[in-house]
Amino acid sequence: MRSGAERRGSSAAAPPSSPPPGRARPAGSDVSPALPPPAASQPRARDAGDARAQPRPLFQWSKWKKRMSMSSISSGSARRPVFDDKEDVNFDHFQILRAIGKGSFGKVCIVQKRDTEKMYAMKYMNKQQCIERDEVRNVFRELEILQEIEHVFLVNLWYSFQDEEDMFMVVDLLLGGDLRYHLQQNVQFSEDTVRLYICEMALALDYLRSQHIIHRDVKPDNILLDEQGHAHLTDFNIATIIKDGERATALAGTKPYMAPEIFHSFVNGGTGYSFEVDWWSVGVMAYELLRGWRPYDIHSSNAVESLVQLFSTVSVQYVPTWSKEMVALLRKLLTVNPEHRFSSLQDMQTAPSLAHVLWDDLSEKKVEPGFVPNKGRLHCDPTFELEEMILESRPLHKKKKRLAKNKSRDSSRDSSQSENDYLQDCLDAIQQDFVIFNREKLKRSQELMSEPPPGPETSDMTDSTADSEAEPTALPMCGSICPSSGSS
């Protein structure tokens, strides 16, 4: 059940806060300001610029979805396309529906796979921009990680492919919006709801640890809700893989959510940091959801050395009205010393404040969330669609025509080297090294491999059936058995 505190105050969307925080990466520390604690009379902290922001128009998701379904019905007399199973997935396999978001160097839109009519989110990243911003390595690392993992509380990768301009990732479509969006809409999250998010993230982080992965960017912006209100972790762009006994050392993450040991390692050297940093970030996120601002007043302009000093001198202030159980849980997550911090699923399961949690039910999404996003709305900024249609110099919906023109232009050019040899070399390297991935095909392959071999009676039956059928049906389906080269 939703508590009254978790209902929006009005039908009009609240003014948006400033853009989501930037991230510190191994090559730098470009991060956004934290939310400073407001005066006691203020109901909720706002990012800088709120006073100038205009209310967002509501996007009527239910009406749009109905219109799309009617469009499908009107063209439903035509058969679904059937793609050759031996063919690699590509841009033509998807119908672009609308833009829903953008990141530092990529954009996201809703797509529908033409043959199955399943809906996904598709993130696409311009190759040239990635090269110019030195982001290619991060994209490849994210793909490497996402192709190897799958979990109920992660945003899972289904397909990856490329064309001359862009790299594409097709992932789970979650229509409930991210937690940053709901903070900006002034949603008042109850303790029960925040506790559920903490537990769902605990299951996700426990799985990532089993795969030797540190996410390094857990924050409200990267936690998406599904239509039922369950939390899913996304964006592995600065995640890292560490083997047994190894430690990470790079300054990477979003400053207000980065654990103290990351700054300490950067300033003083030492042994580095490990999986505990993600659990600190969960604590910061939970505190922010409950109070409206973060436990430490950290800005992008803060020197790393000053942050090391801050964590040793400033203590977190907890609201007296919060329950003792919630305060105890937050204290364990926000412990400065990583050795004493909650940093494993076992720690959580043995915590007195979580003794009532049914972890098996939780992992199967049987626990009903306290906050359920409004199903009649698309929980994103509708101006993304306008930007894509009007301001974008290379809009996605005109890609086929643009690529056809480029091919025609390229064929008529002189074969001499272009002036930008370096850029072309980088583009060629991406084209060669990019790994195409198809989880749908991989799952079919695994299902076929797991089927038990037929017994003698079954074998006889199969043979007689095959003899009575047309010859093509007796042939082995090589395309459905053999996954693409990127599926392993």
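Cβ from N, Cα, C; glycine included.
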**Asked** Out of S10, S363, S393, which residue gets the phosphoserine annotation in Swiss-Prot?
**Response** S10
**Message:** Annotation phosphoserine per Swiss-Prot: which of the candidates S11, S17, S71, S77 has it?
**Reply:** S17
**Fill in**
Out of I100, V108, the listed binding-site residues, fewest other Cβ atoms within 10 Å surround the Cβ of V108
**Fill in**
Rounded Cα distance, in Å, between G106 (ATP binding site) and D217 (active site, proton acceptor) is 17
**Request:** For D217 (active site, proton acceptor) and K102 (ATP binding site), determine the Cα separation and express it in whole Å.
**Result:** 17
**Message:** Can you give me the average pLDDT across the domain 'Protein kinase' (94-354), rounded to a whole number?
**Reply:** 95
